[in-house]
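Q: According to Swiss-Prot, the protein carries these features:
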{"type": "ACT_SITE", "residues": "Asp18", "note": "active site"}
{"type": "ACT_SITE", "residues": "Asn66", "note": "active site, proton acceptor"}
{"type": "BINDING", "residues": "Asp18, Glu205", "note": "Mg(2+) binding site"}
{"type": "BINDING", "residues": "19-23, Arg31, His35, 63-65, Trp67, Arg69, Arg186, 192-194", "note": "substrate binding site"}
Amino acid sequence: MIELDQTNIPKHVAIIMDGNGRWAKQKNKMRIFGHTNGVTAVRKAVAYARQIGVEVLTLYAFSSENWSRPEQEISALMSLFMQALDREVKKLHKNNICLKIIGDVSRFSETLQEKIKKAENLTEKNTALTLNIAANYGGCWDIIQAAKQIAEKVKKEEMSVSDINNSTFQHHLATQNAPPVDLLIRTSGEQRISNFLLWQIAYAELYFSDVLWPDFNQLEFNRAIASYQQRHRRFGGTE
């Protein structure tokens with residue numbers, strides 16, 4: 001492990017968890033085998049983020065475009081999601097972690113929506129780490145739904161056009177009052193954003209790992225944080 005500067009830990013880390021299917025294929029297994037092992041990698045990432053003092057960890061679990069996958073895989077993913085909620089929520093609560101599901105959950109089954117609501121209610125006052133799971137999420141969707149919320153408030157005269165600024169717009173995003181993303185990690189060697197947190201990553205540092213998500217461990221997470229700490233963030237300014 002690389003020794004980290006504890007005064008320069010990113011407040012908000014976001015991860016595009018990519019490579020579950022390829023990992024399973026390498027082992028001649030079904031894709032769901034990769035997704036199942038991906039849950040273990042999530043558990044490790046959450047533990048490490050909490051350990052080093054990250055305030056917010058946002059994980060891209062299921063995009064709004066993922067519905068185009070085979071029906072069998074979608075069904076398996078939904079079952080896995082429910083199982084993970086059942087198994088992990090009490091552990092998250094015990095570790096003082098606040099769980100939030102960001103995305104359009106209305107497309108999920110009523111059973112899954114109820115599990116999400118219970119999990120969020122149980123952990124809402126926890127303060128050690130906020131864990132955002134992006135499910136049926138897309139960055140374009142997020143910006144549009146925020147704009148609609150604001151437009152509705154202006155229409156009802158609950159706010160004026162002059163009230164609209166970066167801060168108020170950010171408050172209406174799915175991530176609400178979370179700080180902007182400092183570090184965006186994508187696994188599996190792919191180098192694209194894939195419609196994830198488009199507003200929130202405006203000045204994020206990007207780190208692309210060749211490791212497939214089920215193999216992403218605390219050592220690889222440590223390397224990503226160390227890389228972040230070596231960079232000079234200018235936020236559009238000069239040296």
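Note: Cβ is positioned from N, Cα and C throughout, glycine not excepted.
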Q: If I take the alpha carbons of Asn66 (active site, proton acceptor) and the residue listed as 'active site', what is the distance between them in whole Å?
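A: If we compare the Cα positions of Asn66 (active site, proton acceptor) and the residue listed as 'active site', the gap is 12 Å.
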Q: Under 8 Å Cβ to Cβ from Ser64 (substrate binding site), same chain, six or more residues apart: give me those in sequence order, or none if nothing qualifies.
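A: Sequence-distant Cβ neighbours: Gly103, Asp104, Asn136, Tyr137, Gly138, Trp141, Asn195.
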Q: Using all protein chains in view, find how many other C-beta atoms are within 10 Å of the C-beta of Gly21 (substrate binding site).
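A: Its Cβ shell of radius 10 Å holds 21 other Cβ atoms.
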Q: Just name the most isolated of the recorded positions Asp18, Trp23, His35, Ile193, going by other Cβ atoms within 10 Å of its Cβ.
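A: Counting other Cβ atoms within 10 Å of each of the recorded positions Asp18, Trp23, His35, Ile193 gives the minimum at Ile193.
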Q: At the level of the C-alpha atoms, what whole-angstrom distance separates Gly19 (substrate binding site) and Glu205 (Mg(2+) binding site)?
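A: Between the Cα atoms of Gly19 (substrate binding site) and Glu205 (Mg(2+) binding site), the distance comes to 21 Å.
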Q: Please report the DSSP secondary structure of Asp18 (active site), reduced to three states.
A: coil
Q: If I take the Cα of Glu205 (Mg(2+) binding site) as reference, which of the recorded positions Asp18, His35, Arg186 has the closest Cα?
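A: Nearest listed residue in space: Arg186.
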Q: Would you identify the secondary structure of Trp23 (substrate binding site) according to DSSP, in three states?
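A: In the DSSP reduction, Trp23 (substrate binding site) maps to helix.
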